[in-house]
Each structure stands twice: as structure tokens, then as C-alpha cells.
Amino acid sequence: STSRQQNQPQGHYGLTSPISLAPPSDKDHVHTQKLIEAMKPFGVFEDQEELYHRTTVLGKLNNFVREWISELAESKNLPPSITEQVGGKIFTFGSYRLGVHTKGSSDIDALCVAPSHVERSDFFQSFFEKLKNQEEVKNLRAIEDAYVPVIKFEFDGIEIDLVFAKLSLPTVSDDLDLRDDSCLKSLDIRCIRSLNGSRVTDEILRLVPNLENFRLTLRAVKLWAKRRGVYSNIMGFLGGVSWAMLVARICQLYPNALASTLVNKFFLIFSKWDWPKPVLLKRLEESFLNLPVWDPRVNPSDRYHVMPIITPAYPQQNSTYNVSVSTRAVMVEEFQRGLEVTDEILKGKSDWPKLFEPLNFFQKYKHYIVLTASAFTEEHHLNWIGLVESKIRVLVGNLERNEFITIAHVQPQSFPGNEVLYKRSGYVSMWFLGLVFKKAESAVKTNVDLTHGIQSFTDTVYRQASALNILKEGMKIEATYVKRKQLHYFLPAGTLQKRKKQRVSDISQNSSGLQCKRSSLGESCSDGSKDRDSRTPSNSSSLNKISKLDISTAETERLLLILWPNSKSQVSPTEMEATVALRTSGPPIGCSIPGYNTVCQLRRCFVQGQHKLSGTLITDPKSASPKQHYSPTSK
């Protein structure tokens, strides 16, 4: 694949003319109207009152920015002739700019463009202070060390994520067009990243043949992706801009098609796409600015991207560098399911609501890892889970590199801990990862060691927390291996309500050709789960009844997770058949916490007839065997 890409001329990559120019039929119009009706209950369409309020808020914010830039020019003693014309402007991007904002979703991504006399330090100091003094502004916070530095706040009830870029121009006029590459001249990389969001969004809108059909199709695809658990850039799936580019490509291939047909063609094309062949909306172009762009012929790291979707605005970048072999395989399987469902719908054998049925994640796999992040206070917990969540894709990458694991599938949504976990660890959030193991080729039992992957992940999180100076006493990460039947000890009954068992297709076939291993995992800033109410009880009495867990040898899988295999202690095959537990907690050596010097411990407990689950010892009443403990030496 790499050699083919290297030999292809610049901008080739399989770009084709439209596949079909056929006009829509009456049947297409009927299906599209039914699609709209199926989407309405999910609140994907905003009402006029909300739209008017957001427009009003953006107008006020734009005037506010112009006022600040003018005041700053006076304070820096610029000539009055310039001070009166310095300008300044707010641009929007993301879902709001694309025109697919949903009802009740009040956040807006915005860009503050300033003339050359305004420095980034001014934005995070004097502008921040000016915002702080406004009655309409609430929950103000600045994140200067982010990949794209941002100020977050609520303006009259509307959440705003505001990034900053200054241009090499003395004034910023109202008719400024950011699509012109010359506006990037002489800018630092942070300003280029800030401008990129608006430039990419505008270019997507320019490249689609019919905006109305594009927007309706994108609303449907985004709703489907969220319901099926594949909408999360931070977790290694796709974020909003990536889904928009995929839909835009389908609109280019079927320029006259209505939304119902476009949704079906979306699943048809991308369920059969020859990944890692990139998806492009336009040919890659050279520029006099010589900024780094995505090009696997020049950049070795670009050759490891497994699902490249390339932004259309210069400098072109891969918006999906977080995607891994596992997350791509999960998405391809969902594309295939979407194709089957939409084919049935268009044939009159099913209805559109079936497409939006949620994924029954907790019935899909036999094996799971429960990842728990906890802290003593709510403030510490919010900081802690934000960091942990941003690094879960590192854990997925570590697990899928294990030779015995075919799929490591993370559920993007986090869940609050139950009352027992809350009493033990304070504020708690949990994530769940489903695992698919390779089938054993013989009857010989296989020991699967996940120690290194888990420990590497926890070390990464703790060290970054220490470097950012947010590591506090009580912050912990724990990883516990469980089987499907044990999930009810962590989750409420409603979440685990059994439906008709879904057939798990052989994902290993989908991933057999996906052996590309990533050499590095890039940073990300995007949309993750916002479920942060860690005190909500989910199953208050489950852990009190945990002694009833039946973990007989006959029920144990042949694949076992064996921690610390190099320990001097030995475990007999009989004992290993009983069950397994996987657990990590505490920071590694070298991470300093104020008033807290605990060293990271990774324990294992192979106890015949017993199972250590989330800190509570589970005893199998059928077993009367004596306990046997094994613990590694201190790291």
C-alpha cells in the first residue's frame, strides 16, 4: 500500500467523477420525508427561537471583541487613524457553521481574528479580564496549554469555545475571507491551527453540490454514529468534522440524490472502502508557504494512519490520526450493518427508526475491562477524568498490539460509579472496553499477559498529570477484567437489559488485513463524553451480594489474563482455571503528589474459588479451598 502511494502522482488517490447524476424519484422523496420523521424525536432539528438567540449572542460577542481590540490599540499608543479602523471579527466553525446544530445543544465553536498589534498574551490576559467583568459571562476558564489554546465560557446561557489567531495585517475588515491561503503568511503554528477549523468548515461547504441535501444527510449520519457509539474523536473513532467530510464525499459522488439515497450510499461506499486509501474532497495542492501537509510519500508517520480522511483546506491534515486498527474495524462493521438496514428500508422491508437503534454494547462481547478513575473531590475528579479520557485511546492501542487480541472496543460513554464505589473511592467514573481474543488453534490453554499494556497506560496518565501539576491525593486508576455476566456489579439493570442477542460478526476477518501498527499516538482535542455526575448510584446493593457470583471452572474461558508472569511465585493450572483479576492503581515512581508518596502497585490474586473484583473479595461458596496469595516485588 505504501509503495503504491509513493508511486502515485500528487493528488491522485482515486478521486473520481460523480457516480450517478440521476434525478430523484417520487419514491426517494417519500423515503426522505420518512427519514426526517424518524429523526425528529431525537431533537436533531433546532427551533427558530434557539437559532435567533444564538445569532444574537454571536452578534454581541463580535461587538465585544471589536471594542476590546480598539481599546488595546489605544493602550499601545497606535495612531488614531489606525485605532478607528483596526476592526476584528468572530468566525464560527464546526456544527454551528455547517448548519447542523441540534436542539438543546448550546455550544458554539468560534474563532477570534485580530490584527497584528494584538498578541496571544493579550487574548489570555486583558480579554480574559474583560470577559470576567461581564454579567452575561459565566463559567469562564482559559486553557492555554491545549493543542489549540482556548477560552471557554457561557455567554447569556450559550456555551462558547473561543480560539484566537492574529493576522499579519494592521486591520481586520468585515469582508475578510479566511479561505485565501495568504492569510496564513508569517503566522505561528498555534494561529494556523486556530484558523484551520474555520477554513476547513468553509471549504467543505464550498465543495458540496447541494447544501440542503448535505445537511440533512449529515444530521442523519451524526445521529446514527452517536447511537451506535462511534462518534468520538478523543476515543479513536470519528469526530464531527470527519463525519462531515465523509458525507460531503458521498454528496460529490451522487450530486442529485436526496438524503435517503445519500445515507444508503454512504454505508455502501465506506463499508467497501479500501482503507487506508485516503478520503479527499479535492486534490492535494502545493502552496508557496511550504507548511507541513499530510503526505505519506514524504512523512513516514503518515504511512501508519489506518483510516485517513484529509481536510480540504491548506495545510491539508489527516483528521483521523487517532483511529486505531480496532476502532476502524468496529466502524467498518457498523457501516456494514448500516448498509443492510438501509437496503431493507429502501426495499420497504423495514423502517428508518431501525437504523437509529442503539448498540447493545454490553451484550456484544464475552470479555470486558472496566477502567475506573476516581478522586476525593469533585473538582479533582473533573480534572482527572478529563485527562484519563483523553488517554484511553493509548490503552486501546496497547491492547490491540497484544498478539492474542483481535479487537479492543471502548464504549465512548462514561458511567458513574455506584454507591459502594463512591464510599470507597469518592467521585468515580467508569469506562468499559470489550475484548475479542483470537481463537486458540489447539486445546492447549493460552496465558494472555496484559500487564505491560495496562501498566504503560497508567504510567502515561500519571506522568502527564504530574507534569501538568494536577495530580492530587486520592486520584486513582483501576482496571478490572470481568466477563459479561459480571457487568451487573458495576452497571444498573436498565443499562444491561437483555435484548435479543445480537450476532457478533467475525470482526477478525475485517481486521485480518489491518495489521498496520502505529508507531506513535498523537494528541487530540475534541468531543468526548460529558457525563460527569459520578455520585449517581447505579446498583447500590450489587457489591453487597457479590458473594453469590458463580465462577466455576466449567464456566471459565480458555484464555486467561495472567498478571506478573515473571513473578517467582508459581500458580498451578488448576488455580489458574478458577478466575482472573486485573487491577492497577496509584501513580508510578517519579510522580510527585503533594502530601502523597504512595508507589504504584499492580496486584494479582489467584485464589482458587475466589475473585477479586473492584476492590471487593468475592468468595465462591462452592469452593472451600484455602486462599493462596501472590504479589510481585515492589517496582
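Cβ atoms here come from the backbone N, Cα and C positions, even for glycine.
Marked as ATP binding site by TrEMBL: F93, G94, S95, T102, D107, I108, D109, D161, K222, Y231, G240, V241. The Mg(2+) 2 binding site annotation in TrEMBL covers D107, D109, D161. Feature annotation from TrEMBL assigns Mg(2+) 1 binding site to D107, D109. Taken from TrEMBL, the feature compositional bias 'Polar residues' covers 1-10, 505-527. As annotated by TrEMBL, domain 'Poly(A) polymerase nucleotidyltransferase' applies to 14-208. For 213-357, the entry in TrEMBL reads domain 'Poly(A) polymerase central'. Per TrEMBL, the feature domain 'Poly(A) polymerase RNA-binding' maps to 360-420, 426-498. The region 'Disordered' annotation in TrEMBL covers 1-30, 501-544. According to TrEMBL, the feature transmembrane segment maps to 229-248.
The two recorded residues, D107 (ATP binding site) and D161 (Mg(2+) 2 binding site), have Cα atoms 7 Å apart. Under DSSP, residues within the domain 'Poly(A) polymerase RNA-binding' (426-498) fall into helix, strand and coil as 23 helix, 22 strand, 28 coil. Reported as a whole number, the C-alpha separation between S95 (ATP binding site) and D161 (Mg(2+) 2 binding site) equals 13 Å.
Across the residues annotated as binding ATP (F93, G94, S95, T102, D107, I108, D109, D161, K222, Y231, G240, V241), the two Cα atoms farthest apart lie 21 Å from each other.
Annotated pair F93 (ATP binding site) and D161 (Mg(2+) 2 binding site), C-alpha to C-alpha distance, rounded: 10 Å. In terms of local Cβ density within 10 Å, D109 ranks first among the binding-site residues D107, D109, D161. All protein chains considered, the CB of G240 (ATP binding site) has 21 other CB atoms within 10 Å.
Distance noted between the C-alpha atoms of K222 (ATP binding site) and D161 (Mg(2+) 2 binding site) is 21 Å. Comparing D109 (ATP binding site) with D161 (Mg(2+) 2 binding site), their Cα atoms are 5 Å apart once rounded.
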